[in-house]
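See below for the structure under consideration.
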Amino acid sequence: MMKLKSNQTRTYDGDGYKKRAACLCFRSESEEEVLLVSSSRHPDRWIVPGGGMEPEEEPGTAAVREVCEEAGVKGTLGRLVGIFENQERKHRTYVYVLIVTEVLEDWEDSVSIGRKREWFKIEDAINVLQCHKPVQASYFETLRQGYSANNGTPLVAPTYSVSAQSSMPGIR
């Protein structure tokens, strides 16, 4: 299913959830620093770069496209962290790891809407996301669980259902 928004086509899965893709963009393979971008709706808040998938677009391709548009970075797409449901907003987001190899000086959203980007230590990123984007904060917990459960790499990408209302989202 598709719906037209003023500047894009939104795609939905069979359950009516908007199909999205995002990346945890790390400065290096050590995955100690992650890149967050300012929200287009609330420029004083930080978010994980990502957005809606286009018709017929694969999740990994969408994730790479979105981070280039929103964060102005390119890199090596890594593992799928998981597929996260935001029941409140009816989104399903495929979240990947991306190791940044190129940082653009000017990029689409910096020019069009003045979007900013900043590197954060993982704990700091979790803290800034927790109050207004708890679903996104949960990406990092899932990343940690994947490391411990499978010695560094998740074998199967699980689907997580989280409520954006809780201060510490529960994974069901």
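Including glycine, each Cβ sits where the backbone N, Cα and C put it.
Annotation source Swiss-Prot lists N-acetylmethionine at Met1.
As annotated by Swiss-Prot, substrate binding site applies to Arg10, Lys18, Lys19, Arg20, Ser39, Ser40, Arg41, Arg89, Lys90, His91, Arg115, Lys133. Ser39 (substrate binding site) falls outside any helix or strand according to DSSP and counts as coil. Cβ neighbours within 10 Å of Ser39 (substrate binding site), excluding its own Cβ and spanning all shown chains: 15.
The Mg(2+) 1 binding site feature in Swiss-Prot is assigned to Gly50, Glu70; the stated evidence is similarity to another entry. Same-chain residues at least 6 positions away in sequence with a Cβ under 8 Å from that of Glu70 (Mg(2+) 1 binding site) are, in sequence order, Val37, Pro49, Gly50, Gly51, Trp107, Glu108, Asp109, Arg115.
Model confidence over the motif 'Nudix box' (51-72) stands at 96, taken as the mean pLDDT rounded to a whole number. Swiss-Prot lists 51-72 with the feature motif 'Nudix box'.
Cβ neighbour count for Glu69 (active site, proton acceptor): 15 (other Cβ atoms within 10 Å of its Cβ, all protein chains included). Marked as active site, proton acceptor by Swiss-Prot on the basis of similarity to another entry: Glu69.
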Spatially closest candidate among Arg10, Lys19, Ser39, Arg41, Lys90, the listed binding-site residues, to Glu69 (active site, proton acceptor) (Cα to Cα): Ser39
Under 8 Å by Cβ from Lys90 (substrate binding site), counting only residues of that chain that are 6 or more apart: Gly16, Tyr17, Lys18
Cβ atoms near Arg115 (substrate binding site) (within 10 Å, other residues, all chains): 21
